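Before any comments, here is the structure.
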Amino acid sequence: MSCYTAILKSVGGLALFQVANGAIDLCRHFFMYFCEQKLRPNSFWFVVVRAIASMIMYLVLGIALLYISEQDDKKNTNNDGSNNDKRNESSINSNSSPK
């Protein structure tokens, strides 16, 4: 993998992370608006519900990113294995040519 490809993948990953962070912030604002209408903003239960909701959203984000990275690793491993098989076949074919 070239340096440029690694940089582009890194920037792409950061961009996706920022989008996910923005989505979490948006969900939090909607949730906080709902909670402020139903609960008092300075009550104990409001703080507890807000903390639990934040933890659940970040847990979902972490699991999603972990799943995506595992799928990418599996795809890269399979591609590397098939490339090695092709190289081995070509070297075997070149070695077994009649002289």
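The backbone N, Cα and C atoms fix where each Cβ goes, glycine too.
Quick caveat, the model's predicted, so the values are computed rather than measured.
Per Swiss-Prot, compositional bias 'Basic and acidic residues' is recorded for 73-89. The compositional bias 'Polar residues' annotation in Swiss-Prot covers 90-99. What Swiss-Prot records for Asn88 is N-linked glycosylation site. Taken from Swiss-Prot, the feature region 'Disordered' covers 73-99. Taken from Swiss-Prot, the feature signal peptide applies to 1-22. Marked as topological domain 'Intravirion' by Swiss-Prot: 23-45. Per Swiss-Prot, the feature transmembrane segment maps to 46-66; the stated evidence is sequence analysis.
Proximity of distant same-chain residues to the topological domain 'Intravirion' (23-45), defined by a Cβ-Cβ separation under 8 Å and at least 6 residues beyond the stretch ends, is recorded for 53-54, 57-58, 61.
Counted with DSSP, the topological domain 'Intravirion' (23-45) comes out as 18 helix, 0 strand, 5 coil.
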